[in-house]
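To start, the structure under review is shown below, and the notes come after it.
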Amino acid sequence: MDSFPEIEIAEYKVFDESNNNDDNVLNISYGVDENYLDGVGVSIASVVLNNNIPLAFHIICDSYSPCFVKYIERLAVQHHIKISLYLIKVESLEVLPQTKVWSRAMYFRLFAFDYLSKKVNTLLYLDADVVCKGSLQDLLQLDLTEKIAAVVKDVDSIQNKVNERLSAFNLQGGYFNSGVVFVNLKLWKENALTKKAFLLLAGKEADSFKYPDQDVLNILLQDKVIFLPRPYNTIYTIKSELKDKSHKKYSNIINDNTILIHYTGATKPWHAWANYPSVIYYKNARLNSPWKDFPAKDARTIVEFKKRYKHLLVQGHYFKGLLAGSAYLYRKLFHK
C-alpha cells in the first residue's frame, strides 16, 4: 500500500455559538475512541476557562452516544465556542499496528492533520488527558513559516532510551511527546506527511515502534520542529503518588508556570481512585462543564484493575483495596 488508508466521515455535527473571525482563531483538535470522550469534554472546558481568545475545537472519534452530543452542545452554548464533531469509519485502519495500551485511535491525529489542512492553516493537537491551566495566546503569534510543528521534548526516562529502540534514526535528545503538537498544516500537506506516516507504520520498521504514532511523528519531523518550553506539555503520571506519601511533590512538576498538564499513564484524573491534590485542575474544569455531575470512571481494563487496588491501599482504603485486589486477580486468572 502506498497511501494512508481512506477514512470516511460517517457523520459531521457542528455547534457554533461563537463570533469568531476565522483568521485569528486557535483551532484545537482531539482524536479519541469512546473511552476518552468525557476526558475531551473536560479538557475543552479547561482550555476555555483559562483563555480569553477565539477558539474552535474539532473532535474526531469512531463512536459517541446521544448523551455526549447533548453535552458537547451544552458546552458550546455555555462558553460561546465552536465545536465540530467528526464521526469516522475506521475499518481501513485495521492494517495498522496497535498495542495493549493504545488502540488505533492514536492514528486519528494523522487523519486530523490531513483532513483539517483543507480548512485551517495551523492546529493544536491535544491528547484527551491534557488539562489546561494557563494561557495559549502566545501560540497565535508563533512563527511556524519554516517549521512543520512546535513540540515539547519528552521526559528523560523516555528520552534516554529512544536510541535503544530506534537506533537507525538517532532521535535521542530531540525526541518529543506527541500529546501536544502545534502543526503548520500547510507544510504538513505540502510534504505529504500523512502518506509518509502510513508507509512507515506499514513498513518493516514498525515492530520497533513502542509508541507507533509518536515514534513515526518523531522520525518524520526530525529537524523540522520548534521546541516549546516544558510548561506547554508538563508531563505528570499519577502513578508517582504511590511513592509520595505526602502527595505534595506534584507541585515540583505542576507549578505556576505550567500551561498544559499531561496526565500520562494508566491512571487518569477521571478515574474513581485518582483522589489526589494533583488532579485538582481536572476536577475544577469538570465542575465548570456539563460533566460536573458525572460519576468518576471505574476500572475497565486489566491494567486499570491493577492500578485501582494499589492506589486504594496507598490511600488507606484497605477493605476496598483488598476487594479491588481480588477483582484484579480474578480477571488476571480467568479473563486472559
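Including glycine, each Cβ sits where the backbone N, Cα and C put it.
Note that the coordinates shown come from a computational prediction; the quantities given were computed from them, not determined experimentally.
Residues or ranges marked as UDP binding site by Swiss-Prot on the basis of similarity to another entry: 31-36, 127-128, 262-268. Marked as Mg(2+) binding site by Swiss-Prot: ASP127, ASP129, HIS262.
Annotated features taken from Swiss-Prot, shown on the structure.
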residue : record           : DSSP (3 states)
GLY31   : UDP binding site : strand
ASP127  : UDP binding site : coil
HIS262  : UDP binding site : strand
LYS268  : UDP binding site : coil
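One way to see the shell of the Mg(2+) site is to take the Cβ centroid of ASP127, ASP129, HIS262; the remaining same-chain residues with a Cβ within 8 Å of it are LEU126, ALA128, VAL130, GLY179, VAL180, TYR263, THR264. On the backbone, the CA of ASP33 (UDP binding site) and the CA of ASP129 (Mg(2+) binding site) stand 13 Å apart. Highest Cβ count within 10 Å among the binding-site residues ASN35, THR264: THR264. Taking the C-alpha positions, the distance from ASN35 (UDP binding site) to ASP129 (Mg(2+) binding site) comes to 11 Å. Neighbour density for ASP129 (Mg(2+) binding site): within 10 A of its CB lie 23 other CB atoms from the protein chains shown. Cα-Cα distance from LYS268 (UDP binding site) to ASP129 (Mg(2+) binding site): 7 Å (rounded to the nearest whole number).
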